[in-house]
Amino acid sequence: MPPETLAYLQTLIGSLDGNARLYQTALTHRSVIGNTALSHHNESNQRLEFLGDAVLGLLISHFLFQNFPASAEGDLSKTRAKIVNSKSLACFARSIGLGEHLLLGESAAHYNIRDSESALADAFESLIGAIYLDKGLDAAYGFVDKHIIHHQSFSAIVASEQNYKSCLIEYSQAHHVAAPVYTVIAEHGAEHDKEFTVEVSCNNIKGCGTARRKKDAEQLAAKEAMERIIALQPLPHEPKDEENSTTT
């Protein structure tokens, strides 16, 4: 593994615990296999991508199940699909500079596969699979929490599949707090061409929205509040210190 890639991985996920080869496989594109110049690499990241896809699906399903208790199965499935599709995963991969460290065959490098949506998405899932094998589910949770749940685009992805006002009601019910309160705080324009600015408050979290109809302004306010709530939510999992809990 190139020294710069080793340093990159150690910065990204911590100690590799003697499993550098596992992570190297996670970064190995299938174009490498059969490449005589890289004959020492005999496995691509496709198997790890298969595993990482399943682990990621579980973690995102857990997050959505816990945070949207009133959402129907179909709505949760649509939201999960949008989070884990290739476009979204490639975005998350680019944000951590993953493409710069992909190991590619000569032909793939020539066609700029390094920045392709599918290659980045596959490598991102492969890395999650490697983390799971090396460090366990808690570490995989931590990686997903940091690089997906708290990514700047995550709240917008989730909100795009939700009715924002309904989401706020679900949140208030799940956390046993008062229902959201909507207040018109400003009106602008002539009587026939007004714009309304609405503020919503829920559990001391506020959001604002402006639109020509109060109903639309309320939705925009709820969207902003939900984005702030999601940004503050950790994954609903507390790592267990099994060593400390075991008596000797």
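Note: Cβ is positioned from N, Cα and C throughout, glycine not excepted.
Record check: Swiss-Prot places Asp122, Glu125 at the Mg(2+) site, and the matching candidate among Glu49, Glu195, Glu199 is Glu49. Broken down with DSSP, the domain 'DRBM' (163-231) shows 32 helix, 23 strand, 14 coil.
Asp53 (active site) carries a helical DSSP state (H, G or I).
Cβ neighbour density within 10 Å is lowest for Asp53 among the recorded positions Asp53, Asp122, Glu125. Here the CA atom of Asp53 (active site) lies 9 Å from the CA atom of Asp122 (Mg(2+) binding site).
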